[in-house]
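S.K.: A single structure is presented below for examination.
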Amino acid sequence: MPSYTVMVATGSQWFAGTDDYIYITLVGTEGCSERTLLDKPFYNDFERGAVDSYDVTVGENLGEMELVKVEKNKYWVHDDWYCKYITVKTPSGDYVEFPCFRWLVDDKEVVLRDGRGTSRLPKDDKTRLEKQHRRKELESRRKTYRWTEWQPGFPMSIDANTHKELPRDIQFDSEKGVDFILNYSKAIENLCVNQFMHMFQSSWNDFADFERIFVRIKNTISEYVMQHWKEDFMFGYQYLNGCNPVMIQKCTKLPEKFPVTHNMVADCLEREMTLEEEIKAGNIYLADYELMEDISPNSTDPCTLQYLAAPICLLYNNSQSKILPLAIQLGQTPGKDNPIFLPSDGQYDWMLAKIWVRSSDFHIHQTVTHLLRTHLVSEVFGVAMFRQLPAVHPAYKLLLPHIRFTIAINTKAREQLICEFGIFDKANGTGGGGHVEMIQKAMRSLTFRSLCFPDAIKARGVDSPEDLPYYYYRDDGNRVWDATKSFVWDVVCIYYDSDNTVQKDEEIQAFVKDVCSFGMQDLDCCEFPKSLKTREDLTEYLTVIIFTASAHHAAVNFGQYDWCSWIPNAPPTMRKPPPTQKGVVDVKFIIESLPDRGRSCWHLGAVWALSQFQENELFLGMYPDEHFIEKPVKEAMESFRQRLAEVSSAIKIRNEGKKLPYYYFSPDRIPNSVAV
């Protein structure tokens, strides 16, 4: 009687093994086997990291292998099991691999497709069984991955209130590892600032007093920031290479709401040109925090009034190609009670004006640049992917590593961090609902093109290396974008031989439509495509997803401790309103404006925790789970890794000897997905 050898690989993550009963049924073109219990006497089957072999005897040859049905039944209590793959050796000696890479929970059956060949797109499924499997998989997934609106005007998210309600396949391996309350408390304890964390309403004595929560945790950049934060060059440099390097834009004409004159700034201009001439020469830039206007400040603590501002900052690219602040207006409407602050003003007037800009920049960074434009957008792509692309689709296999844990971290954030009375309310001036208003406003400018890195750079008029030679965020980002796009193009061309193939792939078209019509709620302003017509379109679309979830998230997330740990450089809240006149500010007023001891410590714990990589982090180009087994794709992956290594090497060489190295876009520091 013919005998098939079945090799079953159990995952190596925590709690991957099981003591439950595992049954298997082999399905071929000529028949199927009996439902067979996989069990060896006196042997502990399906242990974490193990590969176990079993013989399945059948009455007749099953023909070509098509499917494997796997069932898990309770032994004592339900014991989840993570199956990596199942390999079947046929009587003729052929090996057929069935990728799984998913959790089996409760008593449910999982049906796996043959991993061989190029039958990946809908058009490649020829048999009734293949088509039926594909359809049933998506029907099941759409019931599991449902859209919901967490807040009005937000991108849609997964329909789950807690991490435990998520499908097991997208949960963290250990929920304890992403408990925000636990992680922030641990960070505060590790940073030796826990003695201050409950000291709300208690002001620091002076700027040096902030060092009491800083001494034990220095690093190269944060220490440099502490030493130089008052200087104009440090203020300007952060617009290029800080943790929110997306605000600076070329000024082609001064806005009427910001009536800066030449006489105001003449002493700061170095080229013997008027302000108008400097603008025409392309040397003047703007940072406009208009989105902050009318945002409700945090009022959750009746003992502490908190304030926000919507400043505008004029920036100058001087003869040494340094970006320096020229003028700051702390509100959007000019007037006597909204003066334009200048470098020639009193020391403390100018210092406080810059602090207010840095605080507004922090709020935009946390809520818009980071939360909305990486976390929430990546979740939209992830939910749509699970709903519309089956596991055998090449786009699913390509995107899955870049969606890893994203829905889980966002769900945990909605559960603990940004919810009503969440951690965000403790230290942030936009807590208590202001952050929700910010995202609702920011959605009006969230377009698909703004997620295309080169387009976003060009739209702000900062694409010229000659004009801004030290804009490493732009230069490194373009390198990683190009490497990623080249890799995606290689993969797309393996499966799509023409533009027509893209147009006729109903699954990829449904995926794109689901993102726009449901994920982005079909907002007129979003301009997300509802269909893709060419291979170039598909390549760009997939590149946006991968780049947003990996590279851009890394660039705007992992520098938070570097740039925000020195509180005066990134105040998470302000306790006095913006000044309405000059000449009334002193050091005491500034200290009393900055966060108190308790809020400073919560902030410090937050930026520390958010800047840490996950345990066993997977970085860009690392694909340990072999969803693709085809040689051409593996060759494309190897080429991608080589190109990323070249980018990492170039960045390392450039950073040598620099007091302010820029490494956030270095591929060896870019996690595959949004998971923190």
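Residue positions begin at 1 at the first shown residue.
Glycine residues also receive a Cβ, built from the backbone N, Cα and C atoms like all the rest.
Feature annotation from TrEMBL assigns Ca(2+) 1 binding site to G17, D79, D80. Annotation source TrEMBL lists Ca(2+) 2 binding site at D39. Annotation comment: TrEMBL describes H370, H375, H553 as Fe cation binding site. For 2-118, the entry in TrEMBL reads domain 'PLAT'. Positions annotated as domain 'Lipoxygenase' by TrEMBL: 119-676. Annotation source TrEMBL lists site 'Essential for stabilizing binding to COTL1' at W103.
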S.K.: Rank aside, I only need the closest one: which of the recorded positions G17, D79, D80, W103 has its C-alpha nearest to that of H375 (Fe cation binding site)?
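M.R.: Ranked by Cα distance from H375 (Fe cation binding site), first place goes to W103.
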S.K.: List the residues of the same chain that sit at least 6 positions away from G17 (Ca(2+) 1 binding site) in sequence and have their Cβ under 8 Å from its Cβ, in sequence order, or write 'none'.
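M.R.: For G17 (Ca(2+) 1 binding site), the qualifying residues are T10, F46, E47, R48, A50, W81.
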S.K.: Here are the binding-site residues: D39, D79, D80. Which has the lowest count of other Cβ atoms within 10 Å?
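M.R.: Candidates: the binding-site residues D39, D79, D80. Fewest Cβ atoms within 10 Å: D39.
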S.K.: Determine, for the Ca(2+) 1 site, the additional residues of the same chain whose CB lies within 8 Å of the mean position of the CB atoms of G17, D79, D80; present them in sequence order.
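M.R.: So the extra residues in range turn out to be F15, A16, T18, D19, D20, F46, W81, Y82.
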S.K.: Whole-number Å only: compute the distance from the Cα of D80 (Ca(2+) 1 binding site) to the Cα of H553 (Fe cation binding site).
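M.R.: The Cα atom of D80 (Ca(2+) 1 binding site) is 31 Å away from the Cα atom of H553 (Fe cation binding site).
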S.K.: Hey, for the Fe cation site built from H370, H375, H553, who else sits with CB inside 8 A of the CB center?
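M.R.: Neighbours found: T369, L371, R373, T374, S378, H552, V556, N557, V674.
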S.K.: About how far apart, in whole Å, are the alpha carbons (Cα) of D79 (Ca(2+) 1 binding site) and the residue listed as 'Ca(2+) 2 binding site'?
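M.R.: Taking the Cα atoms only, D79 (Ca(2+) 1 binding site) lies 16 Å from the residue listed as 'Ca(2+) 2 binding site'.
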S.K.: Under 8 Å Cβ-Cβ from H553 (Fe cation binding site), six or more apart in the same chain: what's there?
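M.R.: Correct list: H370, T374, H375, S378, P671, S673, V674.
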S.K.: How many neighbouring Cβ atoms, not counting its own, are there within 10 Å of the Cβ of H375 (Fe cation binding site)?
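M.R.: Its Cβ has 23 other Cβ atoms within 10 Å.
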S.K.: Per DSSP, what is the residue tally for the domain 'PLAT' (2-118) in helix, strand and coil?
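M.R.: Once the DSSP states are binned, the domain 'PLAT' (2-118) shows 0 helix, 60 strand, 57 coil.
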S.K.: Tell me the Cα distance separating W103 (site 'Essential for stabilizing binding to COTL1') from the residue listed as 'Ca(2+) 2 binding site', rounded to the nearest angstrom.
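M.R.: So the alpha carbons of the residue listed as 'Ca(2+) 2 binding site' and W103 (site 'Essential for stabilizing binding to COTL1') sit roughly 19 Å from each other.
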